[in-house]
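Engineer: Submitted below is the structure of interest, expressed as structure tokens.
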Amino acid sequence: TVTEFVLLGLTRNHKLQYCLYAIFFLIYVITWLMNFTIIAMVAVDQQLHTPMYFLLANLAFLDISDSSVNTPKLLSGLLTQRTTISFSECFLQMFFFHFIAGAMSFLLVGMTIDRYVAIYEPLRYLAIMNWNVCIGLVAAAWFAGFLHSVIQTGFLLQLPFCGPNVLDNFYCDVPQVIKLACTDTRRAELQMVFNSGGILITLFVILIISYIVILLKIRMCITEGKRKALSTCGTQITVVSLIFIPSIFTYAQPDKKHPRDKVASIVYTVVTPMLNPMIYTLRNTEMKKAIRR
């Protein structure tokens, strides 16, 4: 019975390892600083006690959590020749990664609902998006992420693992761990496609349709503020695409193995938690004023 897994990491090139360590350590520190700044500003500034900033603060918390699940293991792997992770730690890592990433995906849908109401029903915005609704959206996102992760991890735990135990990645994830099971894995791979891939595709389509609807409404009356809104929507679509498209290619194709999978993993586990605060929050005028205050 397998008691630990060996992680091959990103590369065996020592010079490249140290270079990548410096880059990813800097990204990790920036991610923490920016997202913690957002949470602190929303907590202490009374003018930011609104539904939109409540959702953005929750997104910042999820970004910190998401980055902290896998990045420390990535950094330690870049400094050591052989990285191992225990069986239980591997499954805990998968559980929390899918829990937090799932909650973030559903929260992004909740944030588009907030923007839809703000643009289509501006006079009734505070009445519709009251605190009960906001807390309900956040709770629903966390519960949906938890349910997804429990199903995904629980299904994997039913598989027997008796060797080999080498994972060609820098962290434990479902597609690689499934391949190490000592049994026919077709059913487990299909479950991954429906549970992870299906959810990602559905949420991505909902988000893109939502942004298109919002953009159509904005384009009906072009003003200076509308131009800024168009620019903001465009950058948010870019970030959403960076999160979902690599993830869809990873989880919606069960028999695929490609060297670029590691690059895709870097994008949605390390890079996007840093990009989210830049795109969603720190470009906002009210947040800039709050930081200056």
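Including glycine, each Cβ sits where the backbone N, Cα and C put it.
Keep in mind the model is a prediction, meaning the values are calculated, not measured.
Sharing the feature lines straight out of TrEMBL:
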type	residues	note
DOMAIN	34-280	domain 'G-protein coupled receptors family 1 profile'
TRANSMEM	20-44	transmembrane segment
TRANSMEM	91-113	transmembrane segment
TRANSMEM	125-151	transmembrane segment
TRANSMEM	199-218	transmembrane segment
TRANSMEM	230-251	transmembrane segment
TRANSMEM	263-282	transmembrane segment
Engineer: Out of 20-44, 91-113, 199-218, what stretch is closest in contact terms to the transmembrane segment (263-282), meaning most Cβ pairs under 8 angstroms?
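Structural biologist: Ranked by Cβ pairs under 8 Å, first place goes to 20-44.
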Engineer: Of the listed stretches (20-44, 91-113, 230-251), which one yields the highest count of Cβ-Cβ distances below 8 Å with the transmembrane segment (199-218)?
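Structural biologist: Stretch with the highest Cβ contact count: 230-251.
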